[in-house]
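**Q** Handing you this structure, nothing more for now.
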Amino acid sequence: MSYKENLIPSSCSSSSSSSSKFATPSSATAAQRVLRKQPYVSIFTTPSDNLLAQRAQLAPRVTPAASSSVPGRVALGTDVASHNTALAEAPKRKFTIDDFDIGRPLGKGKFGNVYLAREKQNKFIMALKVLFKSQLEKEGVEHQLRREIEIQSHLRHPNILRMYNYFHDRKRIYLMLEFAPRGELYKELQKHGRFDEQRSATFMEELADALQYCHERKVIHRDIKPENLLMGYKGELKIADFGWSVHAPSLRRRTMCGTLDYLPPEMIEGKTHDEKVDLWCAGVLCYEFLVGMPPFDSPSHSETHRRIVNVDLKFPPFLSEGSKDLISKLLRYHPAQRLPLKGVMEHPWVKANSRRVLPPVYQSSHPK
């Protein structure tokens, strides 16, 4: 979940039978790429007063990743790692908005705002996302928020934004998130136009490692794109929006979610899909990193659809053979033919160009 609120109505739904108002909208609409980008505002304000808190338990402690022996890759310092794990070490307690000093807004969206915040008792710095229940109910996207909390709060990976905790009152829901000091990757891409091979390969290795971690836990993201990525203290990539994600034990879904430019053929054609949709998205993302725009970008939705299902892939002349090889192996019509995430991390172009800050932490089995 990025700092810009990115929950939008869709035909996506979970099969929950909850008796609350958390209902799914009945009208199905084609997913579109909607950018909600606003500049930071350097004011000091508090979003609320007189609030009632719900008991919320803090997540278990996270151990910082060990140093990597791979040349050119440096482990994150313990000072930064401790910043990211400090909340997990605090005693269990109740939270209210009065427990926080609220700083400048980090982002604004349709359903609320995100603020830089400091927990008063232990001086923890974080991003506090404040969402209005009335707006969530009005748009029928409460199920997405519930799903996002359920998924993101259990993920522990250096390239996935931490959700430490959450609490709520009568009108608002508050998400306690890891603060990503370097901000939004989308803005960085806009600023530079496109990234060089070293930065693109580094991001691809980090993304592949994080997605492999998710897939091992049967979590499909389904909406990887620059708008849903942030950058940490060392500029490392962090997946930050799980609004369209699903925890699917069967790893097979049929709803069409995500962003038009990034939708794979099987989702456009309404076929059953699995975790390999994220492989397609990774290929689109790599292309956009290097070129500055998605590979199937067209004036109309129908033309974009046509180009995607036909895999009408065109490379500009300045791309290297290695990068084109990686992208071509990810953007395959048949999901089973797409390069696995391990293959992305071991691809010669990635290994030759990546300057990753954090070592891989993917494990082949669940932690006990």
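Cβ atoms here come from the backbone N, Cα and C positions, even for glycine.
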**Q** Which stretch, out of 1-23, 254-276, 346-368, is listed as region 'Disordered' by Swiss-Prot?
**A** 1-23
**Q** Of Lys129, Lys133, Lys138, which does Swiss-Prot put in the ATP site with Leu106, Gly107, Lys108, Gly109, Lys110, Phe111, Gly112, Asn113, Val114?
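**A** My reading of Swiss-Prot gives Lys129 as the candidate in that site.
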**Q** Sort the binding-site residues Leu106, Lys110, Gly112, Val114 by C-alpha distance from Asp223 (active site, proton acceptor) and give me just the closest.
**A** Lys110
**Q** Determine the C-alpha span of the ATP site listed in the record, that is the greatest distance between any two of Leu106, Gly107, Lys108, Gly109, Lys110, Phe111, Gly112, Asn113, Val114, Lys129, in Å to the nearest whole number.
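**A** Max Cα-Cα spread across the ATP binders: 14 Å.
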**Q** Other than its own, how many Cβ atoms are within 10 Å of the Cβ belonging to Leu106 (ATP binding site)?
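**A** For Leu106 (ATP binding site), the count of other Cβ atoms within 10 Å is 24.
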